[in-house]
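Positions annotated as DNA binding site by Swiss-Prot, on the basis of a curator's inference: LYS140, ARG141, LYS142, VAL143, TYR144, ARG145. Taken from Swiss-Prot, the feature region 'Leucine-zipper' applies to 150-181, supported by a curator's inference.
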Amino acid sequence: MERLIEELRKEIKADTEMTFTVSDVDSLLTADFESKHTAHSERGNSSPQYTETPLTDDAVATMDGWLDESYLHTINDKDVVAQLDEILLLLIAIRDGACGKELLQDIRRLFGTDLSPGTVYPHLNDLADEGMLDMTELAKRKVYRISDAEATFDTVEPAVNRLVTFSLVLKALMIDCNARYLQTQRSESNER
């Protein structure tokens, strides 16, 4: 955990100095768990409750910082499905847990695609079977949470890097092909 904290410190580019220890993080996590546990006990409800949490505008704005919404909506449904595991893992990580209905809404909001539950739920079940997600069954829904954040990002990052590399290679080939086409057009024009 200390290595992870050190990596986080390096990634944060701020002028302010931050100091915290593993015990500080443990205290925060314990306090957060106890406050949720106490609130649950005070309700006197024996079955676990889950409150839907829509993807925040801040999270959507983060993505809009890279691509505007209209561009995200031009991404083909089959491309969204091809990257669905990575998309689901990242959305669940952003939310700190989600049910399938919320994830379907998030995908619709981000990509403008209307995937069926029959497409999304098998991916969620597979990710849970692979140990990437913890699944909690409640009365009317299943809630999915990232089981190991570090392992998740170690899985997602190479997949994203492969996709970016593939896209860059295609873009470079397209630019080269277009340049050759223009050169051929000029040569033919000069010969006339």
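Glycine too: its Cβ is placed from the backbone N, Cα and C atoms.
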Other CB atoms, at most 10 A from the CB of LYS142 (DNA binding site): 18
Fewest other C-beta atoms within 10 angstroms, as judged across LYS140, ARG141, ARG145, which are the binding-site residues: LYS140
Other CB atoms, at most 10 A from the CB of TYR144 (DNA binding site): 26
Integer mean pLDDT for the region 'Leucine-zipper' (150-181): 90
Other C-beta atoms that fall within 10 angstroms of the C-beta of VAL143 (DNA binding site): 18
